[in-house]
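S.K.: Structure in structure tokens, see below.
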Amino acid sequence: MKRGRDIQILLLWLMLITIGFALVASALLKAPYYTKDYFDSNEFAEEMDDFWGYFYLYEIIETNKAELLANLEVTEDEINEHRYRYGTLAEQVANIHAQYEEQIQLARLEENEDLAQFYENERDEKIKDITLNFESDEHVKKKILKEKEARFDELFQRLERDRTLYDNYKQSIYYVLKDRNTEKTFWNLSSDQTWEEMKEDERFLYETSVKGTEDDHPVMPETYRFEHHFYDFLHGDYVMDDEYVDMDYYLEALTGDLSYPILEGKLAIASEREGNRFVSNYEYYQSQQQRMIYEGGIGFVLLLAGLWFSLKKAPIRALRGGIFERAYQKLPIDLRYSAFLITLFIDLAFLFTFAQEGQFAYTYTIEHVIVIGCLIFLAFVTFSQLVLLLDVVKDPDVHSAQWRNSLLFLIISTIREAFLDLSTGFQWALMMMIVGLFGVGAAAVLYHPPLLLIYFPLTLLVLGPTLVYLFRQAGYINQIVANTRDIKSGHTPQDLPVRGRSALALLAQNINTMKKGMKQSEREQAKSERLKTELITNVSHDLRTPLTSIITYTELLKDADEQERADYIEIIDRKARRLKILIDDLFEASKMSSGNIELTLETVDVLQLLQQALAEYGEALEQSSLQLRISVPEEPLYIKADGQKIWRVFDNLIQNILKYSLEHTRVYLSVKEKKETVEIIIKNVAKYELGDNVDELLERFKRGDQSRNTEGSGLGLAIAKSIVDLHEGYLDIDVDGDLFKVIIQLPMTN
């Protein structure tokens with residue numbers, strides 16, 4: 001119930017606003033026409049123009065019809081114009097043959113020889129007449145004179161018929177005029193009273209003085225205005241409504257050498273109502289002035305009432321939450337703006353047209369009710385859209401989001417995407433334009449077949465190659481789609497052909513590259529799975545071996561004597577230490593690989609760190625059968641590093657040398673400066689066969705000793721590489737047969 005009441009209030013408010021605005025607009029539009037006196041209005045001036053035109057025709061011009069027709073002449077130009085009006089002799093004869101050809105053939109098809117003969121005789125007579133036109137000037141002259149006589153006869157008949165119009169003006173106008181050129185007087189006072197007596201009896205509705213000069217006469221302020229009036233008069237008859245009629249000739253024939261009169265005197269509009277067109281126009285004009293005031297006043301009151309309604313009754317509530325709002329909000333925002341502007345334009349155009357034509361009359365008809373209903377409906381639609389649009393505009397975030405979902409944004413985005421690659425965008429735009437132009441060309445050929453001589457070669461040279469290119473590109477797209485479908489299904493199709501340098505060729509090349517990357521990724525994934533399995537196996541083995549020894553010797557301790565117990569405890573201690581080292585290395589390797597470690601950076605001499613590490617293992621190196629060859633520069637080489645971590649790198653590498661170098665071989669260690677880096681190279685001969693997967697030695701728990709019988713965790717190289725990576729350095733290994741080489745590069749500092 002409440003919603004129904006809100007809708008009623010809204011409709012009542014719109015009715016007040018719409019009708020009020022229409023009335024005010026009607027009054028404002030009429031104001032320029034009805035705020036001045038009738039006798040100063042354009043309507044009165046136009047009536048007087050017509051009066052002076054008829055005055056000149058019936059009072060000034062004195063033409064004798066018989067004398068005018070007797071003196072008609074035909075000039076050489078008129079003869080030639082008539083003779084060549086429809087073309088040359090050959091063209092006119094051909095035209096006549098064409099006109100009768102079909103009729104004669106139809107008559108003979110119907111076996112009506114008499115009708116065919118009739119058409120042939122009629123055709124021959126016309127051809128004979130046309131031929132005579134080009135042979136005899138007298139023949140043409142007679143035709144022209146006959147045409148002129150017919151037109152002048154019709155002209156004078158028209159003058160007689162239209163005299164009643166002038167007589168009607170004379171009943172409404174009193175005048176006493178004198179032509180200063182001829183001293184001729186003109187008057188039409190209808191009684192024996194003088195001008196002053198008639199004026200005293202209030203028989204004049206309007207009076208003015210007529211005083212003409214040579215430059216500005218009362219008949220027509222400008223010559224062309226009478227000529228225009230005369231031309232309109234001639235066109236009122238079909239005889240003169242011909243493009244070949246020379247209007248100036250008939251004007252000159254009627255007026256001759258007559259000059260415009262210079263009139264002076266008095267002129268008045270009669271106040272008698274019966275048969276007086278000026279009185280009726282004057283009264284209607286006054287009624288329109290009163291109506292304009294009434295309409296403006298009523299409209300203003302209705303607008304005030306509408307304003308009061310908007311403040312007290314809140315008519316906008318009816319638009320909230322209804323089905324109209326829900327349906328309207330689903331439209332794209334640009335369509336809503338367009339719909340609002342269209343309905344607003346229609347509403348205003350309808351409203352101003354309605355107001356301008358003065359449709360609000362004193363007596364209302366069913367048409368007025370229908371028009372007012374349409375106006376209220378249009379106002380409802382327009383106002384509803386305005387309110388709902390303002391709700392969106394008030395929230396910038398919502399407005400911006402809706403614009404991103406608009407049709408215009410979609411079109412712009414589509415065009416922008418088409419021209420991301422400018423060459424592709426322009427190619428397709430050009431091809432679409434070519435196809436479109438050839439479509440227009442096909443229509444032009446149908447309309448004008450001779451264009452086929454141009455259209456057909458252009459089709460072969462331009463449209464044909466364009467269509468071939470389009471179909472090839474379509475086939476190329478299908479190839480790409482089929483290839484990607486196979487990839488999605490898990491297959492590995494052949495590489496796509498890369499044709500040219502188009503966007504499709506680039507796409508095919510990228511797909512080929514992606515396939516290679518996928519294959520490499522699959523290999524890396526398989527390798528990762530294998531290494532993960534090996535990692536679990538190796539970790540289990542390396543942790544279980546010392547742990548098994550500890551458990552075994554712990555059991556033996558229960559039944560051993562003092563000497564055996566001491567030996568077993570020593571073995572257990574050694575295995576426990578190995579297990580601790582293994583666990584510590586594993587924990588450190590995990591932290592290194594995850595980067596979860598803090599570095600204490602300082603400037604250190606890499607040569608000094610290396611010498612400390614070598615000194616730590618000096619006794620072990622001397623006791624081994626290895627021969628160490630060291631090549632280092634004399635000057636220190638500084639790096640920004642965590643000294644303990646870099647020392648750990650050297651420690652791990654020297655341990656590997658002692659564990660995995662072949663006995664009685666040389667070990668080479670060199671340090672040198674290379675392009676703002678310190679390069680450290682360690683080379684030794686491996687004790688065990690390393691195989692082909694050398695890079696896997698950098699993985700955790702990978703050993704050169706595949707039997708895993710040597711001491712060690714298999715984490716040395718992995719930890720060393722992680723430490724070097726954390727220092728933004730480089731560690732790599734290289735194997736040439738049994739020659740094992742470790743290369744380290746660390747950035748230098750001053």
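Heads up, residue numbers simply count up from 1 along the chain you see.
Using the three backbone atoms N, Cα and C, a Cβ is placed for every residue, glycine included.
Because TrEMBL annotations are produced automatically, they should be read as predictions rather than curated entries.
As listed in TrEMBL for this protein:
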- 58-129: coiled coil (COILED)
- 471-523: domain 'HAMP' (DOMAIN)
- 538-750: domain 'Histidine kinase' (DOMAIN)
- 7-29: transmembrane segment (TRANSMEM)
- 292-311: transmembrane segment (TRANSMEM)
- 335-356: transmembrane segment (TRANSMEM)
- 368-390: transmembrane segment (TRANSMEM)
- 402-420: transmembrane segment (TRANSMEM)
- 426-447: transmembrane segment (TRANSMEM)
- 452-471: transmembrane segment (TRANSMEM)
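I would like each feature placed in context: is it buried or exposed, what are its neighbours, and how far apart are things?
M.R.: Residues 418-419, 455, 458-459, 462-463, 466-467, 469-470, 502 of the same chain lie 6+ residues outside the transmembrane segment (426-447) yet bring a C-beta within less than 8 angstroms of a C-beta in it.
Tertiary proximity for the transmembrane segment (452-471) is limited to same-chain residues at least six positions away from its ends with a CB under 8 Å from its CB atoms, namely 431, 434-435, 438, 441-442, 444-445.
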S.K.: Count up the helix, strand and coil residues in the domain 'HAMP' (471-523) according to DSSP, in that order.
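M.R.: Looking at the domain 'HAMP' (471-523) with DSSP, the answer is 39 helix, 0 strand, 14 coil.
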